[in-house]
Every structure is written in C-alpha cells, then in structure tokens.
Amino acid sequence: MNTQTQQRILHVDFNSFFASAEQEANPFLRSKSVGVGGKVDSKGIVAAASYTAKARGIKTAMSVYEAKSIDPALLMVNGDSHKYGELSDRLHAILKRQGGIVERFSVDEDFLDVTHVANDWLDTLAVALRIRDAIEKEIGTFIKVSIGIGPNRLLAKMASDAEKPNGLTLVYPSQNERFDFLDTRALDDIPGIGPAILRHLKELGIESISDLRATKLPFLIQHFKQYGHFLYIASRGLDASVVSNEEPLEKSIGHSYTLPYHTHDRRIAARALLSLADRVGWRLRKRGLVARAHTAIVRFSDLRVVSKQGRLAAPTSDGFELYKAAWQQIVSIIDSEEADVPLDTCSIRLIGIVARDLVPLHNQISIDRQKQKRTDLLPWLDHIQRRYGARSWLRASLVSTVVKERVNGFKLDHNPPLT
C-alpha cells in the first residue's frame, strides 16, 4: 500500500497565539483590539494582533504608529515569552497524551502522527476533538487552535491554515481529494513558496496550484534548479518527510530578570535569582537534564554586564542548588565592582542565571540528607506545576518579595512572581 495513504497526521496551530494568550490571561483585553510587541510606544512594531485588530486592518510587522493611525482603539501589550513558552509546553503535553509521535514545529504549532494509534480517519477526527476539548479545559476557553488532518505533513499544515480561527479540516489521501483541496488554495499557501518564488512563478505564467501541477518537471528544474522537484511534488499534495520527536540536546538553559529599578539591596537580587533558578530547574527536569556548570550574570546601572562561570559540585536540576552556586558568583561580582568603581554606577539592574554543560539525568542518591529531601520533593512540585501551570507554587522566602512585575499597563489580580 502507498505510504501516503497510510499516514494520519495532525497539525495543531494556535490562532493569533501571542494576542490570544494575553487575552486569556487578562479578561479586560477580550473583544478588544490588541497588539503585542517588544515596545509598545510609537517606535515599536506589532509582532502579533488579535482577530479584532486584524479585522480592523492591523497587520503583523506594522509599526505601532501606523497601526494606531488605522485603529486608535488598539491596545498594545508587551510580549511575555515565559507565558507563551508555558502555554506551548501545555499543548505539547496534551498532544503527547494522545499517543503517536509529537513534533514541536514552533512555539505555537505541533505535528502529531497517529498512524499507529488511530485505526481510520474517523478515529483521527476523534483524536482532534479530544485535543480541542483538553485545550479548552487545561489552557483556556479563549485560546483557540486550528487543526489540519492529512496523509502527510504538507497537507496537514495547509489544512490547518485553511480555516481560522478554531477550524478543523480533513484532507483525505486519494488523488481527487488532494487535488480538490489544493485547488482551493493560493500558490503561496504552500509552505516554502515565499514572495521571491511566487513572483518568479507568476512571471512564468503560473498563477495557481493547478497551473503549477500542469507544468512539466524539466521546465521547473530549468527555472528553479533542485527546488523545482519540491514544487512539482507539492503541487500534487505529496510529501515524504516524517514527523520526528527527536530534539537536539540543549546546550544551556537560562533566565534573566530586569529589575524595575536600580538597587543596591542584595536581598532583592538574591530573591530574584532564587526565582530564576527555580524556573531553570523546572525546565531542566521537564527535559530530563541536569547541569554540570553554570553562569551568573549581573548588569549594572551604567549598563556594564559582568558574568562569571563555575562548575557545580554535582550535576543537578534542583533550582536551590543552582541558586546557591550562582549567588556565590554574583556576590563575588558585586564585591569586586563596589571596590573598583563609584558606588552610584554599580547598583544592580539585571540578574541572570544560565545552566550549562547539560547531560541526561541519571538518578543518584545523595549522602546529604537535606539535599536528598529536596530532591525527593521536586517530583511532587513538578506534578503541581504540570497540573496547575507555571507559578502555582512559591517558596516561602519569596512570598514577601517586593520586586514589581514588568509593567505593561494591564495587570492581573495576583501577587506577581519574579520572571
């Protein structure tokens, strides 16, 4: 049997991900015209827009100045990469529970191969509906996804793009079904056909996917070299690539936090570092990794950045152990700076920690009873975090921390943790 008819692949794509994530987190933003960007002033760029904003003419990569001239009601919000990463991880976890092979394609989209899990296309549709139901219960009712189902990655991805938001599109593997679907799509709906290729195709009189399919392979190779092979098979809805869950081993995992004000108070810096170290430890454990080395980073008020590297006494994914090692380095950095430069230039502006020299975890029993107690507790804390989301538990030493959350104009009713 043709392998193209054997594969059953889903492509799950968050709709208007960054903007929807902000609207899910803050009910005030729902139904509003929302843009997300790194800078929210007129010099910034709209990195993402809500569907309401898109309907009013706001486009990705538009300047905030231009966007607000089109839609004065547009509300700009600072992007939050930690929030988006957490939501992406939750989607990934939901897909993994369905069985099959999961491939993280980007922060807001994943592939799921259920060839050996679903008996037929009806079963595959049932998987898609379970995913949608789990997303609503575990991620939020305002977060929507479009799901494409097809006999290969190419068609699954194009199917998820066919209906947004909240779409569900199935392309069956027969030639007639493939061609009928493709002929409803534009040339640049094929992943890999960007502006330059599209322009060249149209210069050659190829205006549609059906035109491309009618074009002989030698002609395409003559004009597009080896890329002509891809255009030829893509126009027929064929794709030999496979869904792969193999991810390269990360070389480092780190977080940093810019304080909302300069400070000489080492207690504030220490609490910030402890929160960051816990976040790094959580990410290490999620990936089944431990760190054998670390880097501590400090940026001072005069914008000088100083870092120090060190080896850990033993490989670890315990945030507290990472914190202890990094804090020693940071104290050393601060002491050295205060001795060498004027005090008013060495107040602290940013704290960071990076776990390095990562290797797969191999469980070992520690002879340090306190350390082993913390190690035994970590799986329970991780379970709480997986179930209830990031920031669902907090160390007692951080409860009274007075470091403010990065201000974006829209704050939730909670005690903001350090990020």
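Every residue, even glycine, has its Cβ placed from backbone N, Cα and C.
TrEMBL lists Glu109 with the feature active site. Taken from TrEMBL, the feature Mg(2+) binding site covers Asp13, Asp108. Among the features that TrEMBL reports, domain 'UmuC' is placed at 9-194. What TrEMBL lists as site 'Substrate discrimination' is Phe18.
Applying an 8 A CB threshold to same-chain residues 6+ apart, the list for Phe18 (site 'Substrate discrimination') reads Val36, Ala47, Ala48, Gly79, Tyr84.
The residue listed as 'active site' sits 4 Å from Asp13 (Mg(2+) binding site), taking the CA atoms of both as reference points. Counted within 10 Å of its Cβ, the other Cβ atoms near Asp108 (Mg(2+) binding site) come to 20, all protein chains included. Working note on the recorded positions Asp13, Glu109: by count of other C-beta atoms within 10 Å of each C-beta, Asp13 ranks first.
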